[in-house]
Amino acid sequence: MTRRKDDDMEKMNGKSEPLLLPEKESDVSEEASWMVYLSTFIAVCGSFEFGTCVGYSAPTQFGIMEELDLSYSQVSNFRSILNVGAVLGAITSGKISDFIGRKGAMRLASVISAIGWLIIYVAKGDVPLDFGRFLTGYGCGTLSYVVPVFIAEISPRNLRGALATLNQLFLVIGLASMFLIGAVVSWRTLALTGVAPCVVLFCGTWFIPESPRWLEMVGRHNDFKIALQKLRGPHANITREAEDIKEYLATLAHLPKTTLWDLIDKKNIRFVIVGVGLMVFQQCVGINGVIFYAQQIFVSAGASPTLGSILYSIEQVVLTALGATLLIDRLGRRPLLLASAVGMLIGCLLIGNSFLLKAHGLALDLIPALAVSGVLVYIGSFSIGMGAIPWVIMSEIFPINLKGTAGGLVTVVNWLSSWFVSFTFNFLMLWSLHGAFYVYGGVCVLAIIFIAKLVPETKGRTLEEIQAMMM
């Protein structure tokens, strides 16, 4: 009996194993990998744009209040309406990217975001200001889904993890750039700088191939081969990879069109639990609260807010670049996620203990060092794992027929969790300074258990192999 027949018998018995490609085969030719890198660079301009949107309000709020005579309440609305737009963008991102393609979704998001920035630039009151912010939020919500999905679908398996983490790296670079540029220019000029990545993203997508998997999914078979050959190089043998993708998509084509109800089907529920769970834990460990209120934490603990902010900004960029990007395809997703969650737990305990000591007037000389080191350990640990890897795994685990629906749901959950943490952080701090971080430490413990029990290792596997393994 042939190997193919053996595989068919295994599938009939419900014991099929993922088809692993021979270790010696190369997914991408050495001389042609530049197209994968170029395509990734263009895509992560969307991640940079995401970071600029998130980081814009902090360095500009006082300038906006003074020039437009806005109240604290109006500025608070301006900051939070980004989340409203992002949730709506996330809800529609999956369907849009399935309908007009991954590149089409990125182009649309870049245009909407650019319009939003220009409206902010010319705004004379709070209404146009909020509307512009809402549009940039919508663009963020769309980009936060489509960028990691596009990168995962174009990357060879040996590069996929490292390239996918560039999404998080460029996000934190965009965030940091707003703080640096915002220190020397007005809020209107800073809004114009947000247009730049939109222009690069929109123009750049005309020079890179579309996702081959999406092209094959919508029946553009010739374009599928052309795109895959461009990504793998003119001399690369794409026959094996193309056949695997076609065979997998052909199987999915016989399945009915997916709806939200299909996500709770027993054959799909593990995908959804892993994707949603990682996004909930990514936010509910308290990262947005720590970043947005880092200066307040430093001041409350008696440490220098300026020094602390500079240190954690540098640390976040460096560790995301050198940590997750270089290690993810060497050590794997699970080890980095577990190390990240443990490190964040230690950081929460250090910060919580600093506030507990301060409340009881003990070891006052040690409190600033404990607070600063706790924040640095916490943010550093987040950067090497929980920051980037949930997005990587989200882009890997969902079958392509579920990606639009499930990916949109997961992205919405991420933004809603982000809003929830930002909204409740001040209330927790008012309730108990040390108690707030012990609560987040408890969430870190739950995250460790969740990762250890449910999250699969996806290193070194094709997308089709990952999904077959989980099913």
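Placement of Cβ uses the backbone N, Cα and C atoms for every residue, glycine included.
Whatever TrEMBL says is automated annotation, not expert-curated.
Residues or ranges marked as domain 'Major facilitator superfamily (MFS) profile' in TrEMBL: 39-459.
Feature annotation from TrEMBL assigns transmembrane segment to 104-123 (among others).
If you look up TrEMBL, you'll see 135-154 (among others) marked as transmembrane segment.
Taken from TrEMBL, the feature transmembrane segment covers 166-184 (among others).
The feature transmembrane segment is assigned by TrEMBL to 190-208 (among others). Long-range Cβ contacts of the transmembrane segment (190-208) within its own chain (Cβ-Cβ under 8 Å, at least 6 residues beyond either end) map to 35, 38-39, 41-43, 45-46, 48-49, 52-53, 56, 59-60, 103, 106-107, 109-111, 113-114, 117-118, 120-121, 132, 136, 139, 174, 177-178, 181-182.
Residues or ranges marked as transmembrane segment by TrEMBL: 271-294 (among others).
What TrEMBL lists as transmembrane segment is 306-328 (among others).
What TrEMBL lists as transmembrane segment is 335-357 (among others). Using a Cβ-Cβ cut-off under 8 Å and counting only residues 6 or more beyond its ends in the same chain, the transmembrane segment (335-357) has close neighbours at 281, 285-286, 297, 300-301, 323-324, 327-328, 363-364, 366-368, 370-371, 373-382, 384-387, 389, 433-438, 440-441, 444-445, 447-448, 451-452, 455.
Summarising the annotation, TrEMBL assigns transmembrane segment to 369-394 (among others).
Here TrEMBL flags 406-431 (among others) as transmembrane segment. Same-chain residues lying 6+ beyond the ends of the transmembrane segment (406-431) with a Cβ under 8 Å from its Cβ atoms: 80, 83, 86-87, 90-95, 141, 144-145, 149, 260, 263, 268, 271-272, 275-276, 279-280, 282-284, 286-289, 292-293, 296, 390, 394-395, 398, 439.
Among the features that TrEMBL reports, transmembrane segment is placed at 437-455 (among others).
Proximity of the transmembrane segment (166-184) to the transmembrane segment (437-455) is not established, fewer than 3 Cβ-Cβ distances being under 8 Å for residue pairs spaced 6 or more apart. Below 8 angstroms of C-beta separation, residues 270, 273-274, 277-278, 281, 284-286, 289, 333-334, 337-338, 341-342, 344-345, 348-349, 351-352, 355, 374, 386, 393, 428 of the same chain, each at least six residues beyond the ends of the transmembrane segment (437-455), sit close to that stretch. By the Cβ criterion (distance under 8 Å, sequence gap of 6 or more), the transmembrane segment (135-154) is counted as touching the transmembrane segment (104-123), at least 3 such pairs being found.
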